[in-house]
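Following this message is one structure expressed as structure tokens.
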């Protein structure tokens, strides 16, 4: 249809551009537009080269219209407006003020600095966490005297954090070209990483089960079987990830299986189980704090001290049970402040959680500190004894003989 004839129809039957706003016809994107003159002090309805419909307007008005939804494949912020003047002689100004129409792409560029800072936080947090986690792992490995079921569960949780963080670093090293080529080894790394993510959350679930059983159900922990918790933590995630990998292979086999396509929910095969674990742990936390408050009220301590102890216990349990992930599980909003808070909070939480678990459940653990202190004193005593023996042996009583009597006296000290 000729552009001029189309504008005549628009001016006659859709002078307010209501139909065009509703249907967004393809006629809006005509490359040329001419003005059809009507007698009278008003400007006729017309369409500009961008595709914006300008309604019939009185002469002398400055008319505003919403910015186009998209142009040349770039989406724009439609909450802002474009302006055009209707002259006194009833003709439109040839220049339209599109300066307020900001591409949505600029919003992404606006967050570029925040994403870079968040990436630095991620690398720093994962490095600090791995260092703390490895130290905690070695302490649990060397201190055999504290190997009760509770500490064995802590040990396994710390192990999953170490493996998860190592796989995270491997994922960051994958080149973009390899990511696009969808190499087999790249998909294997993604699969292993997701397995350790799921095992990490399932060991948080094991922590919740143990605490809930011991505190709420008042069940003797001596009757709990270690192999049951090992099966839950390491074995149950396996079929979940295998199912996810098979579905990825047949239905979404691209980009190293990282991310997901719109409208496809394959990742929820394992993410759904993670969400379920977090919800159950939230119930565990609620019951544990409830029982704790009941016991504190029964004690003779003041109310302020009771609440302080309850808050302290809750804060300590949050990273152990993974409840902190639920604080910003989804983006709280699309405004700038919400986006920035979401970016930084998740970067800090995901990278430093291993560090906090190491601090709360190893470095500040009374049993671990006591056992480590005894082990240190024992090593110091043994070392000082060896030094004294070495000194005694280095001072002979004659050119050919060593006084073993002095060594015996030194060893008896």
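The count begins at 1 with the first shown residue.
Each residue, glycine too, has its Cβ placed from N, Cα and C.
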Membrane-wise, does Swiss-Prot list residue 187 and residue 389 under the same topological domain?
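Checking Swiss-Prot: the two residues are separated by the membrane.
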Using DSSP, how many residues of the topological domain 'Extracellular' (174-187) fall into helix, strand and coil, respectively?
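DSSP composition of the topological domain 'Extracellular' (174-187): 10 helix, 0 strand, 4 coil.
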In DSSP terms, helix, strand or coil for residue 67 (disulfide bond)?
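The three-state answer is coil.
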Given the recorded positions 53, 89, 101, which lie within 10 A of residue 43 (disulfide bond) by CA-CA distance?
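Of everything listed, what lies within 10 Å of residue 43 (disulfide bond) (Cα to Cα) is 89.
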Give the number of CB atoms, excluding that of residue 86 (disulfide bond) itself, located within 10 Å of its CB.
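Residue 86 (disulfide bond) is surrounded by 22 other Cβ atoms within 10 Å.
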Could you tell me how many residues in the topological domain 'Cytoplasmic' (217-223) are helical, how many are strand and how many are coil under DSSP?
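Summed by class, the stretch gives 3 helix, 0 strand, 4 coil.
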